[in-house]
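Trainee: Sharing a structure, written as structure tokens. Questions coming.
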Amino acid sequence: MLKGSIVALVTPFTKYGNVDYSELEFLVNKHCEAGTDAIVAVGTTGESTTLTHEEHIAVVNAMVELSAGRIDIIAGNGSNSTSEAVQLTEKMTQAGVSGFLNVTPYYNKPSLAGLIAHYQACADATDKPQILYNVPGRTSLDMTPDMVEQLAKIDNVIGIKEATGDVSRVQELKERCGDDFILLSGDDPTAREFMFAGGHGVISVTANIVPAKMKELVTAALAGDKESANQIDAELAPLHNMLFVESNPIPVKWSLALMGWVSANYRLPLTPPEESNQQLIESVLQKANLLNIQES
């Protein structure tokens, strides 16, 4: 299912900097048990920019195998080089992923014509659906609703992860792209309002640490149960805010380490949180009763 409660999963590393496949298996099992609808593998939260292409493909292959059909795996296939994005797409299609999350090419700021050509090339490389990913805070390119309308004409482009936090875009995207075009929030603090406005789910960082609770929030919001959704989101708000006190995925990986789920290992240029933020993260987790819950 490429909608609902989708986790943007971290990529765990050993102290030597290698991918920790044992911890990865633990995380995949956690999300299957919690009812998470899909996992995004090797996206922004998965530190995709510090993995080699070989590692990127290996992690996706492992997730498909570990999931064993229990949960959909959506692979990050974005790059600011179209040829590299196409190569990743071809390899991960062979792995058996359910679809792709394809971020706008970053740094080189292509025109609309360049974007169309880029996404068409990726579409030609697979028979799997693609979800566009708009995160201008990282890419310096805002994929506006009028641009999305043009990209949605590509056959296997079925939706967008909209990470601007601008809930007003939901209605405009629906009007331009139709009700069947999947709209996913990419911003945890505004995801509830995004779904109230007509969105179809969220690709969530917070779901890494509270997968079952995020599933409850999404289920309530999509069902129109505003009272329950508001109550759940109020409980989650301190977590939403804490997870972005530094660049994602620094706080979420530190949180998972304090919970006993993964080791607190990053790849440069990412480093552990500043000491003051380490204390903040621990305090928020303690108040939420999330410290040292490895077997819960």
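Positions of Cβ are set from backbone N, Cα and C atoms, glycine also.
Got these off Swiss-Prot a minute ago, pasting:
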| type | residues | note |
| --- | --- | --- |
| SITE | THR44 | site 'Part of a proton relay during catalysis' |
| BINDING | THR45, ILE203 | pyruvate binding site |
| SITE | TYR107 | site 'Part of a proton relay during catalysis' |
| ACT_SITE | TYR133 | active site, proton donor/acceptor |
| ACT_SITE | LYS161 | active site, schiff-base intermediate with substrate |
Trainee: Given a separation of at least six residues and a C-beta threshold under 8 Å, show me what packs close to TYR133 (active site, proton donor/acceptor) in the same chain.
Mentor: GLY43, GLY78, LEU101, ASN102, VAL103, THR104, ILE160, LYS161, ALA163, GLY186
Trainee: Could you tell me the C-alpha distance between THR44 (site 'Part of a proton relay during catalysis') and ILE203 (pyruvate binding site) in angstrom, no decimals?
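Mentor: Answer for this pair: 11 Å between alpha carbons.
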